[in-house]
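Below: one structure, written as structure tokens.
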Amino acid sequence: MADSRDEPLVLGIETSCDETGVGIVRGTTLLADAIASSVDEHARFGGVVPEVASRAHLEAMVPTIQRALKEAGVSAKDLDGIAVTAGPGLAGALLVGVSAAKAYAYALGKPLYGVNHLASHICVDQLEHGPLPEPTMALLVSGGHSSLLLSTDITSDVRPMGATIDDAAGEAFDKIARVLNLGFPGGPVIDRYAREGDPKAIAFPRGLTGPRDPAYDFSFSGLKTAVARWIEAKRAAGEEVPVRDVSASFQEAVVDVLTRKAVRACKDEGVDHLMIGGGVAANSRLRALAQERCEAAGIRLRVPRPKLCTDNGAMVAALGAEMVARGRAASDWDLSADSSLPVTDPHVPGRAHTHAHTHGHDHVHEVSKENLYS
């Protein structure tokens with residue numbers, strides 16, 4: 001077995017939405033996962049406000065990097081690379097992270113790796129369950145994405161199988177939570193109420209499940225509208241809305257479609273491993289139904305612990321470490337944020353394949369043990 005010190009030591013920065021995440025990994029071992037969330041600042045607006053998120057990232061970036069280095073017990077000088085989410089995500093939020101990573105990598109004389117947010121959500125599973133089997137089918141569900149992806153090489157070959165044609169699953173959870181006056185974010189609170197409700201109480205529609213519908217695409221807009229109208233009709237009639245039953249029935253409609261299509265994709269492609277990631281993967285019913293259906297189909301299910309399902313820097317560091325380990329080219333210094341970066345680009349390599357440490361200057365200045373560059 002190789003010495004763990006030979007495994008890449010990588011720091012990852014995540015700012016695609018409202019979490020400022022900084023993670024540090026050595027190979028597939030998680031050393032630090034520091035997060036500063038601005039979710040409370042967005043709650044009063046009922047959703048993420050891009051400008052608020054960007055400003056929060058600016059304020060949290062340096063303290064979060066410092067916290068991660070301290071938690072990991074490593075020196076910045078010993079890092080083998082800096083990875084950062086280059087997209088997709090909110091443009092302004094991404095720009096804060098990319099700018100910070102570029103400055104930090106250049107100052108340290110370390111290679112920079114701009115990586116894909118969705119590919120990072122897949123790769124984070126390695127920190128919990130070891131190397132990803134190749135190929136692996138991945139179901140990624142969050143407030144911004146609902147995608148089925150086939151990964152044969154997480155650093156270079158990720159193929160989209162299906163995606164939502166309208167709203168993401170997480171967005172639907174947030175919307176229904178608002179209609180039920182349960183607050184933001186909606187996923188955790190719906191999950192909580194649903195545990196005490198009857199998932200068969202109300203027959204809500206399952207989008208794109210007909211014989212002529214796309215096999216792997218999702219649609220949650222119709223479901224969202226149907227649930228909202230059902231609630232409004234109850235209120236208009238002066239009747240009490242059964243919040244727990246509505247939550248359970250709505251949640252069941254979402255996870256039924258997600259798991260059904262994911263298992264079908266595995267069967268059709270002959271893939272015996274399914275990984276589920278993204279914020280909605282923390283949902284207890286999604287995990288339970290996926291396990292049940294995967295066992296019945298002879299498919300191995302891999303789901304990271306809930307904290308690693310939501311946005312974090314550890315997942316970015318994990319993918320960055322994989323890039324280093326496989327000898328992938330570092331990004332150029334003109335790396336920019338791309339809010340619509342396709343998942344077919346797991347990372348953004350440099351045109352000339354130049355690494356940070358070849359620029360010929362020593363920019364490492366140790367000021368104190370708390371200094372970012374020490």
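The chain as shown is numbered from 1 upward.
Keep in mind that glycine also has a Cβ here, set from the backbone N, Cα and C atoms.
Because the structure is a prediction, the values reported are computed rather than measured.
Annotated Fe cation binding in Swiss-Prot involves HIS117, HIS121 plus, out of the candidates ASP272, ASP311, ASP332, the residue ASP311. With LEU140, VAL141, SER142, GLY143, GLY144, ASP174, GLY187, ASP191 listed by Swiss-Prot as binding substrate, the candidate from ASN283, ASN312 annotated for that site turns out to be ASN283.
Neighbour counts of Cβ atoms within 10 Å were compared for the binding-site residues HIS117, HIS121, and the top value is held by HIS121. Counting in whole angstrom, SER142 (substrate binding site) lies 10 from HIS121 (Fe cation binding site) by their C-alpha atoms. Among the binding-site residues HIS117, HIS121, ASP311, the ones whose Cα is located within 10 Å of the Cα of LEU140 (substrate binding site) are HIS121. When the Cα atoms are compared, GLY187 (substrate binding site) and ASP311 (Fe cation binding site) turn out to be 14 Å apart. Under DSSP, GLY187 (substrate binding site) is assigned to a helix (H, G or I) in the three-state scheme.
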